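Enquirer: My questions all concern the structure below.
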Amino acid sequence: AFSHPPYFLLTGIPGLEKEQFWIAFPFCIMYAIAVLGNITLLLIIKAEPSLHEPMYLFLAMLAFTDLVLSTSMLPKMLGIFWLGSGEIGFLSCLAQLFFIHTFSSVESGVLMAMALDRYIAICHPLQHSSILSVPVVVALGSLVLVRGVLLVSPFCFLLHRMPFCQHHIISHSYCEHMAMVKLVCGDTRVNVIYGLFVAFIVTGSDMILISVSYTMILRVVMRLSSTEARLKAFSTCASHVCVILAFYVLALFTFLTHRFGQSIPPHIHIMVANLYLLVPPTLNPIVYGVRT
C-alpha cells in the first residue's frame, strides 16, 4: 500500500460543496481583474522608458509573480467548482505545489525589495540611483527567485519519496504542502519541521527587513519640517503598505490555522487560503495602477 496514488482528488471548499458553484463567480471576476491588471501593468512599464527605474522594475516583478501565482491555482479551482473535476495527477499536484509555494516566497521577497527601494529613496535620495542600479535590481529579483526555488524544491523531493496510504482526497482547493503531508503514511516530522523552517526563513526575514525599513522611513519622515513633504513621502509608501498588509495578514492566518487552528472550521480556513493567493494579485494592479 506504500506507493503514490496515481491521482489525488481535490474537494474544493470542504463544507461548502453546494455553494461552490456560486462562490466561483467572484473568484473568476477577481482572476480576470488580476490577469488583465497585471498584464496591463507589465505592458505599460515595458513601453514607457521613464518607468525603467527600480520602483517600477520591482512592480513589474510583482505583476509577473502575481500572474504565475493566480494562474497556477485558479483555472484548476474553477474546474473543481464548476465542473466537479477535482482529479489531479500526482506529479501535476507536485508541480502545482511547487509553483504556488515558490511564487508565494517570491512575492514576499519582492515586497521586501520594494520596502528597501522606498527606504533608499526616502532616506538616501541622492544615492538612490547609484545604489539601486538596474543590474542591482535584476540581481535582487534573481536572488529572490533562486531563494524560492531552492527552498521549495525539497518539499517536492520529500513528498515524492513518502509512502502514501490509500487516502487520496485532499480537503483543499489546490495542492498545498501541509494538505499533502496529512495524507502521508510514514513519519512526517521532517516535512513539518522543514515547512516551519522555510516559513520562518522567508516570511520571518522578509517581515523583519520590511519593518526595519519602515521604522527608518518613519524616523526620517517625522523629522521633515513641512507637512506637505511628510504627506508626499507617506503617499509614496501608502500603496506598498496596503499590499504588504493584504499579503502578510492572509499569509499568517493561513499558515497559523494549518499548524494550530484545529478549532477553526475547515471552510473558513480554505476560503482564506484561496483568498491569500487571489487577493494580492487582484489588489496590486488596482493599488499601483491608481498610483501610476
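Keep in mind that glycine also has a Cβ here, set from the backbone N, Cα and C atoms.
TrEMBL: automatically predicted annotations, no manual curation.
When I checked TrEMBL for this same protein, it listed these features:
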- 20-44: transmembrane segment (TRANSMEM)
- 37-288: domain 'G-protein coupled receptors family 1 profile' (DOMAIN)
- 56-82: transmembrane segment (TRANSMEM)
- 88-110: transmembrane segment (TRANSMEM)
- 131-152: transmembrane segment (TRANSMEM)
- 192-221: transmembrane segment (TRANSMEM)
- 233-256: transmembrane segment (TRANSMEM)
- 268-290: transmembrane segment (TRANSMEM)
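A description of the local structural setting of each listed feature is requested, covering burial, neighbours and distances.
Expert: Below 8 angstroms of C-beta separation, residues 10-12, 20-21, 23-24, 27-28, 31, 34-35, 38-39, 41-42, 45-46, 88, 96, 99-100, 103-104, 106-107, 110-111, 113-114, 117, 134, 137-138, 141, 144, 173-174, 243, 274, 277-278, 280-282, 284-285, 288, 292 of the same chain, each at least six residues beyond the ends of the transmembrane segment (56-82), sit close to that stretch.
For the transmembrane segment (131-152), same-chain residues at least 6 beyond its ends with a Cβ under 8 Å from one of its own Cβ atoms are 52, 54, 57-58, 61, 98, 101-103, 105-106, 109-110, 112-113, 116-117, 120, 124, 198, 201-202.
Beyond the transmembrane segment (192-221), the same-chain residues lying 6 or more positions past its ends with a Cβ under 8 Å from any Cβ of the stretch are 101, 105, 108-109, 111-112, 115-116, 118-119, 122-123, 147-148, 151-152, 154-155, 158, 177-178, 181, 230, 233-234, 237, 241, 244, 248, 251-252, 255, 259.
Outside the transmembrane segment (268-290), and at least 6 residues removed from its termini, the chain residues within Cβ reach (under 8 Å) are 12-14, 16, 27, 30-31, 33-34, 36-38, 40-41, 59, 62-63, 66-67, 69-70, 73-74, 77, 100, 104, 107, 171-174, 176, 239, 242-243, 246-247, 250-251, 253-254, 257-258, 261.
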